[in-house]
Amino acid sequence: MNATSHETYMYRCLQLAQLGVGNVAPNPMVGAVLVHDDKIIGEGYHRKYGEPHAEVNCINSVSPDKQELISQSTLYVSLEPCAHFGKTPPCADLIVHMNIPRVVIGCRDPFAQVDGKGIEKLLSAGVEVVSGILEKECRELNKRFFTFHTCHRPYIMLKWAQTADSKLGYSSSLGNSPLPVSRLFITNAFTNRLVHKWRSEQMAILIGTHTAIQDDPSLNTRLWPGNHPVRMVIDKQLTLPSGLKLFDGSIPTIVFNERKNTIENLKVVRQQPGVHYYQVVSSDSLVQQIMNALYHMEIQSLLVEGGSVLLQSFIEEDMWDEARVITNENLFLGEGLAAPVLRQGTLIFSEGIASDTIRTYQHIKLNEPL
Ligand code: AOF
Ligand code: ZN
């Protein structure tokens with residue numbers, strides 16, 4: 001089989017893997033196909049967290065009349081087959097047990113309990129292994145999972161909406177707000193919906209104290225059919241009013257503060273609706289402390305939605321992977337809260353999506369009349 005055929009089948013694995021979107025986190029999305037004599041005889045993907053892995057579903061999908069071909073087929077899988085007993089037994093053992101002679105892998109699994117051990121198991125059982133086919137695409141598909149396991153922090157997406165003159169909103173200290181607490185609407189119905197889609201793709205969403213008061217956001221995904229991320233807010237001295245929508249108890253909300261801690265089990269808190277308090281210390285970097293907490297909560301992705309000071313502190317600490325900015329080109333505010341500034345030199349700025357291979361910058365411009 002030549003490299004192009006390997007890529008064709010790996011693309012199919014990637015397509016299948018994506019069918020698991022929204023249902024498998026914190027596990028990765030994985031797809032697999034079984035190929036005999038240049039024909040696909042089985043396909044599968046990881047459908048749901050806790051359920052069988054892609055390889056198992058792929059092997060089980062082979063029709064009874066083709067099962068004898070399994071031991072002469074090549075298994076393609078977008079992620080290294082697992083080697084550990086987790087919620088399911090090791091896929092590498094199943095492959096060996098089914099006498100599959102050759103496995104083509106997209107990328108290595110960074111999860112510490114696998115991380116090369118799946119490949120080793122296959123090789124030591126005499127299975128031929130080809131790896132690194134469409135590696136970049138396979139890693140990109142699970143960028144949250146990879147960032148979490150290699151950097152020991154969530155994948156961080158920064159998002160803000162700004163006016164044409166790079167303002168996020170009124171500044172009460174400048175006195176240009178009609179009211180002390182007032183929200184400026186920069187975006188339209190389309191981008192509001194899009195932001196809810198983005199929210200549904202992240203496991204947690206974080207805002208600062210000022211944004212919580214000024215906007216009183218719900219931080220849910222009511223405009224998009226998807227999962228609600230865990231809501232997170234910074235309130236160092238616990239001064240936020242209890243009537244805010246964030247505190248309605250409908251989904252888990254975590255308050256980073258310097259006064260009290262109510263979380264007993266970091267691994268389960270993200271599944272517990274209600275308000276939870278996580279204590280930080282003033283002497284250390286707040287961003288770092290939040291990252292550590294999220295790592296231990298097994299939260300693999302975070303959307304930082306403002307305000308300016310919080311977003312800028314993530315930028316200053318070089319703690320971000322992707323920025324998504326919406327600009328309303330017809331709205332000028334004059335004075336107001338300045339939008340964050342991405343550090344020069346780290347990005348290629350252009351319309352649409354640009355990447356410097358480390359980070360992605362997406363800029364959406366609204367041009368409709370107000
Ligand atoms: C595979 N194929 O389709 C997936 C894999 O708790 P478990 O048993 O579901 O194991 C979760 C880990 O298995 C996850 O962290 C990742 O390393 C790997 N996921 N492996 O061989 C799959 N989803
Ligand atoms: Zn597995």
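Here the Cβ of each residue, glycine as well, is placed from N, Cα and C on the backbone.
The feature active site, proton donor is assigned by TrEMBL to GLU55. TrEMBL lists HIS53, CYS82, CYS91 with the feature Zn(2+) binding site. For ALA161, ARG199, THR211, ASP215, GLY307, SER308, VAL309, LEU310, LEU311, GLN312, SER313, the entry in TrEMBL reads NADP(+) binding site. Residues or ranges marked as substrate binding site in TrEMBL: LEU219, ARG222, GLU305. The feature domain 'CMP/dCMP-type deaminase' is assigned by TrEMBL to 4-130.
Overlay of TrEMBL annotations on the structure.
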residue : record                 : DSSP class
HIS53   : Zn(2+) binding site    : coil
CYS82   : Zn(2+) binding site    : coil
CYS91   : Zn(2+) binding site    : helix
ALA161  : NADP(+) binding site   : strand
THR211  : NADP(+) binding site   : helix
LEU219  : substrate binding site : coil
GLU305  : substrate binding site : coil
**OP:** Starting from the Cα of GLU305 (substrate binding site), work out which of the binding-site residues (CYS82, CYS91, LEU311) are within 10 Å.
**Re:** LEU311
**OP:** Consider the recorded positions GLU55, CYS82, CYS91 and say which one has the Cα lying nearest the Cα of LEU311 (NADP(+) binding site).
**Re:** CYS82
Subject >> Cβ-based isolation winner (fewest other Cβ atoms within 10 Å) among the binding-site residues HIS53, ARG222 >> reply: ARG222
Subject >> Least surrounded among the recorded positions, given as GLU55, GLU305, when other CB atoms within 10 Å are counted >> reply: GLU305
**OP:** Measure from the Cα of SER313 (NADP(+) binding site) to the Cα of every one of the recorded positions HIS53, GLU55, CYS91, LEU219, then give the nearest.
**Re:** LEU219
Original post:
Per DSSP, what is the residue tally for the domain 'CMP/dCMP-type deaminase' (4-130) in helix, strand and coil?
Top reply: 46 helix, 28 strand, 53 coil
Original post:
Among HIS53, CYS82, CYS91, ARG222, GLU305, VAL309, the binding-site residues in the record, which have a C-beta under 6 A from ligand 2?
Top reply: HIS53, CYS82, CYS91
**OP:** Quick one: of the binding-site residues CYS82, CYS91, THR211, flag those whose CB is under 6 Å from ligand 1, and say none if nothing qualifies.
**Re:** CYS82, CYS91
**OP:** Measuring CA to CA, name the entry from the binding-site residues HIS53, ALA161, GLY307 that ends up nearest ARG222 (substrate binding site).
**Re:** ALA161
Original post:
Out of CYS82, ALA161, VAL309, LEU311, which of the binding-site residues has the smallest number of neighbouring Cβ atoms within 10 Å?
Top reply: VAL309
Subject >> Those binding-site residues listed as THR211, SER313, and which of them has the most Cβ atoms within 10 Å of its own Cβ >> reply: THR211
